[in-house]
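Reading through the structure tokens given below for one structure.
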Amino acid sequence: MSIEVSNESGMDVSEEELISVARFVIARMDVHPAAELSMVLVDSATMADLHMRWMDLPGPTDVMSFPMDELEPGGRPDSPEPGPSMLGDIVLCPSFASDQADKAGHPLAHELALLTVHGVLHLLGYDHAEPEEEKEMFGLQNQLLEDWYEDLRRAERDAALAARDQKLLGKAGFFDSPDQ
């Protein structure tokens, strides 16, 4: 899976976290493991230009998705197994997202993770134009984000336990411990 991030926003953002959450969602949604995704972080002026050009709406927005192919959620059961493909581009505006995060009372990193999940779901054919679509997409978005955070917590616990076990085994003489 190839995920490219280009930060042109002028803001310091954890590209590793964006890649992590995008990779998690793509895997969880059973997208081909060789799929490609591009993410671009832009400033408010650039996002406002894109928003006007593609949506005919004034001002910046938080996230826009540009799929390479029109996909539908779930696909068809009788269709052949899809091969690797370019999913498309996600454009994020960290400065706009920062304002949203402040209003929501959570960190910018959380807002960007949420918007990344949202953008990937749009690339996979999900939409929220109708109430039922919104309910489905936002429910899935929140579940995926919650699952990603749980996955991160589990990985941190596992790493802490592995470090503790290595230290104990080193003290017991099973192998050289870093603190000996």
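Count begins at 1; order follows the chain as displayed.
A Cβ is built for glycine as well, from the same backbone N, Cα and C atoms used for every other residue.
The annotation Zn(2+) binding site is assigned in Swiss-Prot to H118, H122, H128 on the grounds of sequence analysis.
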Least buried by Cβ count (within 10 Å) of the binding-site residues H118, H122, H128: H128
Cβ-based neighbourhood (8 Å from the centroid) of the Zn(2+) site, residues H118, H122, H128 excluded: V63, S65, G119, L121, Y126, D127, M137, Q141
